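Okay, structure first, notes after.
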Amino acid sequence: MNEFTAYVEAMIKPRDSLLEEMEAYAKEHHIPIIELTGSEVLLSLLTLQQPKRILELGTAIGYSAIRMARALPNARITTVERNAKRYEEAKAFIARSDVADRIDIVFADAVELAETLDQEFDAIFIDAAKGQYKKFFNGYGRLVPIGGILYTDNLFLHGDVLETDPKTFDRRRRRLVRLVKEFTVWMMEQEQYDTTIFPLGDGVSVSRKIKSE
């Protein structure tokens, strides 16, 4: 965490006991959840957009799903998780929240689900397997109407996308960095979307669909 991030986080309003418990649990068990500053940006943008139906790819323990549902009292969240342990953890945390009745958690591989899902969503939050981002964007973008938005997290890979010496990483990490960088360039070139990247949190992009694919 750099000094600017720490400065901003210090001024963010405290979360309730459930969210703080989830933040501590994620940190203790090394579970990736959206960074606090990135989460605040996402929630602000969603509040401005006011989507009625949101699809989240990558539930983890349900942290983002709960926060989105609370920020948008008229929205319904469908969230997808492929890891059985994370799925059960998310179910337990969501059940304890005050928005459980508006969150549908699906146990499935998001890559495979893209082939069969045909429901329209006003907003899609991509936060699953980073190496599959292009497949997610392509596969689920068709479910977003004109004016709908795809939000994508972790485009900076905690700063790794700026590393110029590939020997810094092992083979797996090098491949992931390459895939995310290639995806980011590709995403910015898609003419059917108007995309902006916000340098907050771990890098959040906002892609508003402006024409049919």
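Just so it is clear, glycine is given a Cβ too, placed from its N, Cα and C backbone atoms.
Feature annotations, reproduced from TrEMBL:
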BINDING   I34, S64, E81, D109, A110, D127  S-adenosyl-L-methionine binding site
BINDING   D127, D153, N154  Mg(2+) binding site
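Features as recorded by TrEMBL, highlighted on the structure.
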residue: I34; record: S-adenosyl-L-methionine binding site; contacts (Cβ under 8 Å, 6+ apart): L42, Y63, S64, D127, D153, G201, D202
residue: E81; record: S-adenosyl-L-methionine binding site; contacts (Cβ under 8 Å, 6+ apart): G58, T59, A60, Y87, A90, I105, V106, F107, A108
residue: D109; record: S-adenosyl-L-methionine binding site; contacts (Cβ under 8 Å, 6+ apart): R82
residue: A110; record: S-adenosyl-L-methionine binding site; contacts (Cβ under 8 Å, 6+ apart): L57, G58, V80, R82, A128, A129, Q132, F136
residue: N154; record: Mg(2+) binding site; contacts (Cβ under 8 Å, 6+ apart): P32, D127, K130, V180, D202, G203
Around the Cβ of D127 (S-adenosyl-L-methionine binding site), other Cβ atoms found within 10 Å total 25
Sorted by sequence, non-D127, D153, N154 residues with Cβ within 8 Å of centre, Mg(2+) = P32, I34, G38, G58, F125, I126, K130, T152, L155, D202, V204
DSSP three-state assignment for A110 (S-adenosyl-L-methionine binding site) | helix
